[in-house]
């Protein structure tokens, strides 16, 4: 067996042209293959053949030829014929003749290089399309909310239709799996808030108020907000990717055909599990953040744990805790809805899966913050 | 019965017409404690169409993936174009990869690129040429595999199964490979489409001098275009040779495959 089957022997391509009066003789030689395509193109571009009446292409000196080489020769021949020359091909071996007869069945299209132009109209059009997209999103969310309500009311009459196992599995994934990272994050945030607060308040001799600051801020806002953001990044993206890849592989269509509701089978268990998970996670996050705050005030501000707890009891009421936790299910609902809507919008390509997963997380986090703001306005107006 | 191959083969011997393009020696592949292939030998010669058959789950695709280096081997060597893929340097391996083309069972077109971009992808990455030539060659390959020109700008998700197969073959042929691996190219095609595909592969072999390694279940393909057939079973190649030799081979699976109800119905 030869050590190397014809890789090394690649002879550089040549193209000789002899003009005699109105007769042109073209002798391509060497390897006319795709490996030397750039060189072949420059050989042909550099060809000065004048205005021949008759041209002969002599292929006897070609060592190897593939589709790319044959195509370039075919194109050259076409050019010559277009300029009024009669072209003959000589010295073609049988294998190459078959190749040429295959190639000659195809013709080059006029080549149009792709160009993108900046225009105000297209900019406006793009903006308009994005606006309708937003409107479509809102409709899609309403659609899912509606069908969720329909499914839920069905479950009220027939509780067996609730997929408890499915809900439990989703709860395990989105809640229990998230506990360590949420605890760690909240612990650090609690510590940081206490440290920063203490650092500034100490200048006024009010370092004890760092406890108030950390307690109220964590329980009312930060605990639930950061947990929601973490859950949006963790579970929201997972929902979108799961539903999206199911959409891509026609699994969603299979569910429809079998006569099952996607909302009932896929969306309700996820959203329900998330609505149960987020309050639990937010509560655990509150505890961890307060623990972190307590530790930092003890080590950094020399406030002993007893004083910390005493101060905390004065600063924080059950109402403060509730204000934070009541927001959690609503945030979970929004994260779940956005994730599912984006998941069902995934098209056929992996690129679209990636785009919608990104969009899902970005939109969910944005919406969570908007809802937090709305709650802040609401609580302020009712005076809590 | 359909006409047999143009060339005569001696069983196990080297046919006079070609060198060994692909040599597989003593390949063993296993998952966990289960061996799928054990001490398997196979040779593919230049310019032949080798049909590879075997029951579902006997490891046809596993062998193809092992040859391509996608599934790890436990033992054995694979030589492609005389180059041992285990000891080859990165450059040699790249050279081999440029000279083979693969049609995966599901097509494996890049879903975020349209058909033309899919075909241009190997050219763009491995070769240097003008955008215009790349475009023209992509359209040429597209038409050669029998797709209409307007399929060029479609996304893979907008294509039917048969079109995906063809587009994927066009991508496999983009660099004018010497060796193509086809994993069940005609499965899921209608009989007319499958026959056209067979003719296409045969004509590509004749025009481009391809060597074809084809995993298939299609008895028609085996009868009409395969020069040689290899049967996989019991973790090794049970037999390889021309169709007539295989029909004579006394093995229950081979007998029921080639002389089963469906096989006989088509012979009649």
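Backbone N, Cα and C define each Cβ position, glycine as well.
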Do you know which of A:110-133, A:278-301 TrEMBL annotates as transmembrane segment? A:278-301
Surrounding residues of the transmembrane segment (A:254-272) on its own chain - C-beta under 8 Å, 6+ positions past either end: 144, 147-148, 150-152, 154, 161-163, 166-167, 169-170, 174, 239, 243, 246, 332-333, 336-337, 339-340, 344
Looking at the transmembrane segment (A:178-201) and the transmembrane segment (A:364-382), are there 3+ C-beta pairs under 8 A, with each pair at least 6 apart in sequence? no
Give the nonlocal contacts of the transmembrane segment (A:213-233) in its own chain as ranges (CB under 8 Å, at least six residues past its ends). 174, 178, 181-182, 185-186, 189-190, 193-194, 197, 201, 274, 277-278, 281-282, 285-286, 289-290, 293, 297, 312, 315-316, 320-321, 323-325, 327-328, 331-332, 335, 339, 361, 364-365, 368-369, 372, 376
If you run through the domain 'MlaB-like STAS' (A:30-101) with DSSP, how many residues end up as helix, strand and coil? 36 helix, 17 strand, 19 coil
